[in-house]
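Student: Sharing the feature lines straight out of TrEMBL:
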- 467: active site (ACT_SITE)
- 518: active site (ACT_SITE)
- 527: active site (ACT_SITE)
- 34-212: domain 'Glycoside hydrolase family 9' (DOMAIN)
- 235-540: domain 'Glycoside hydrolase family 9' (DOMAIN)
- 1-28: signal peptide (SIGNAL)
């Protein structure tokens, strides 16, 4: 009979072999220039800007657009980002983009060269400025979308030419949207952390908008949480919508939210996600004496941790889900809250152990050979979740693995040596998480069976027919005359390469067999999005910094 230590050793060897097999797949190439890829990934956000472009705009084939956005509701909703290849400003994915850009800077900003850090902050601020307008322009109202997507998709127009209705959509207490309000809260809170040191006034403005809630409703079914929040001394604003006026914006605005960005997961995940970010943004930095003291007291700044304790069960804290996206925040929340347990590890933070356990389950689901493994990888080694825009799941997963590896590293003195127990006697070390994340990033950059970079403008071979209106058509600088709604479709269906290289855009990517068709008509594989690039910024920063967990 084999000894327990021998069993563990055998399990570790089997696990190592499985991870090595996955991470060694694809085309063997030299190490990538991750700093260059990071610079390009950030540049993509400048191509997605709406509104009056700043003097330092580097994507010069773009020009001002959407300058009357919000006028239909007599408010200023200029600015922000177009989500993907169309000209609509969708609030839910835009807010998630800002959250993930901010998380990228918070965790891995120290690895960015100064110029790239400034570009990353500018990307966060461009989105956060818009969300501030959306959240504060009208009392008891959050503006969540500009433009009718059906009308927009009826045309193929440059943003600078668009003449389709710029309708404005909102959520209110009577027509709630806890999902989009919760994500907006998370975005503002996360962005406040980005500017905490370099622009304290702006950081405070973001946090004030994010965390304010109304006085408790004495007749509310959620009275315990309300009472706690009220004792925190806050008044009323975005979290007001997310928590007090509960409901999904997919129900309130189903005719324009669906099927484009339906909140399929519901709104519970966003409530917990928002509270997690508010907790992080209103407490001292992890590892400090102030943080340790805060975790042992029910201070005003600890109000959101109390909210998490009291509402976690009903908001899905005990549910496992293995997909992280603009729609479903459950896994991201658990990794974020596990940080509180791993890095603070005493006092009230001990109650966050539940989130650490679920974060571990998520990690185990991704590691071949580990107990709990249940992911699909292509023959070339790419994580495969869905056929439409699969790269969004690849980049979000890579980011979470790297963030969790960072959180685990200070726990190296524990019995697991900072690793994750996945069953079978083997512990998955942080280095395995980094290896899997690197394999995904490298696949995107060209280490794949086709030898193609799925980041536009990076490497010698990349998609030349991106499903993107502005990229596919001549710029207003080169073609000042307006290109009409129907006239533009000849560019959509053209076999000619893009008129403008959409540098840094990561497209939807190949199918489950590593096959990719470079065609604008193939939107599932050829369309980029801001929420695909946002988590990749953090992953690229990590590897550009030499893979050190700063």
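Quick reminder: no glycine exception, Cβ is built from N, Cα and C everywhere.
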Student: If I take the alpha carbons of residue 467 (active site) and residue 527 (active site), what is the distance between them in whole Å?
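Tutor: Residue 467 (active site) and residue 527 (active site) have their Cα atoms 5 Å apart.
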Student: Going along the chain, which residues six or more apart from residue 518 (active site) have their CB under 8 A from its CB?
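Tutor: The list for residue 518 (active site) reads 463, 464, 465, 526, given in order along the sequence.
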Student: Around residue 527 (active site), how many other CB atoms lie within 10 A of its CB?
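Tutor: Its Cβ shell of radius 10 Å holds 21 other Cβ atoms.
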